[in-house]
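Input: a single structure, listed below in structure tokens.
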Amino acid sequence: MTINKIKTPIVILNFKTYLESSGENALNLAKDLESAAIESGITMAAAPQATDIFRITQETDIPILAQHIDPINPGGHTGSNLIDCMIESGIKGTLLNHSEKRMKLSDIDEVIKSSKERDVFSVVCTNNIETSVAAATLNPEFVAVEPPELIGSGIPVSQAEPEIVEGTVAKVKKINKKTEVLCGAGISTGDDMHAALDLGASGVLLASGIILADNPKEALINLVSKI
Ligand SMILES: O=C[C@H](O)COP(=O)(O)O
């Protein structure tokens with residue numbers, strides 16, 4: 001089976017900067033995602049730190065995203081993520097505007113456009129229904145709605161604030177049928193993911209519930225067990 005194709009429902013695991021998902025641990029976690037994807041048949045993608053991308057794309061087959069790309073061209077920029085180098089490292093997609101790395105609307109627009117030109121898919125993170133609508137007008141492949149106060153809380157958005165997920169799906173689909181909606185924040189169990197899909201989401205963007213689990217591979221299998 002092909003585990004490197006982007007199909008929904010999708011699980012995107014953001015490795016952030018947890019030590020449990022950095023360096024050697026990042027590679028091991030990516031391998032857990034790979035075997036969970038093979039076992040379950042569900043697409044599982046990873047967004048590791050820039051320093052871990054090349055190694056992971058060399059050693060696994062899952063789709064890899066950048067955590068952020070800067071709106072820059074090659075040249076005199078220090079400490080930035082250049083899209084061309086990210087592609088050379090093996091990314092297939094990118095997160096943009098995560099609540100821990102917010103961007104200006106005009107910069108999001110610019111990076112979505114340069115991603116499309118290079119066949120890289122974009123997942124624009126948003127905090128509510130209104131910003132999701134604004135993001136969808138820029139035509140990204142995905143919008144991921146995440147109330148920031150629930151991030152890392154263990155309280156799942158799909159159960160605690162279902163109206164945000166449902167409202168985002170309804171409004172985004174009204175203005176752009178091609179953009180898929182994901183939800184994130186506090187998601188960790190099969191019930192959370194099931195609730196997200198029931199509300200019309202095409203998948204989840206998550207982090208701590210899996211990264212900090214005693215057994216991340218088991219947690220991933222549990223996450224998709226009710227689909
Ligand atoms: O990118 C992932 C989100 O910020 C969700 O994080 P969390 O699963 O730790 O709440």
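Each Cβ is built from the backbone N, Cα and C atoms, and glycine gets one as well.
Sequence annotations record features per position, and here TrEMBL assigns active site, electrophile to HIS98. Counting every protein chain shown, the number of other Cβ atoms lying within 10 Å of the Cβ of HIS98 (active site, electrophile) is 23. Reduced to three states, the DSSP call for HIS98 (active site, electrophile) is coil.
Annotation note: GLU146 (active site, proton acceptor) sits in a coil segment as assigned by DSSP. TrEMBL lists GLU146 with the feature active site, proton acceptor.
According to TrEMBL, the substrate binding site annotation covers ASN14, PHE15, LYS16, ILE151, GLY186, ALA207, SER208. Around GLY186 (substrate binding site), the same-chain residues at least 6 positions away in sequence with a Cβ under 8 Å from its Cβ are LEU150, ILE151, GLY152, SER153, GLY154, ILE155, PRO156, VAL157, ALA160, ASP192, GLY209.
Residues ILE151, GLY186, ALA207, SER208, taken from the binding-site residues PHE15, ILE151, GLY186, ALA207, SER208, are distinguished by a CB atom under 6 angstroms from ligand 1. DSSP gives SER208 (substrate binding site) a helix state. Most Cβ neighbours within 10 Å, among the binding-site residues ASN14, SER208: ASN14 holds that distinction in the structure as shown. Listed in sequence order, the residues of the same chain lying 6 or more apart from GLU146 (active site, proton acceptor) and placing their CB within less than 8 Å of its CB are SER99, CYS125, THR126, ASN127, VAL157, CYS183, GLY184, ALA185, LEU205. Across the annotated binding residues for substrate (ASN14, PHE15, LYS16, ILE151, GLY186, ALA207, SER208), the two most widely spaced Cα atoms sit 14 Å apart.
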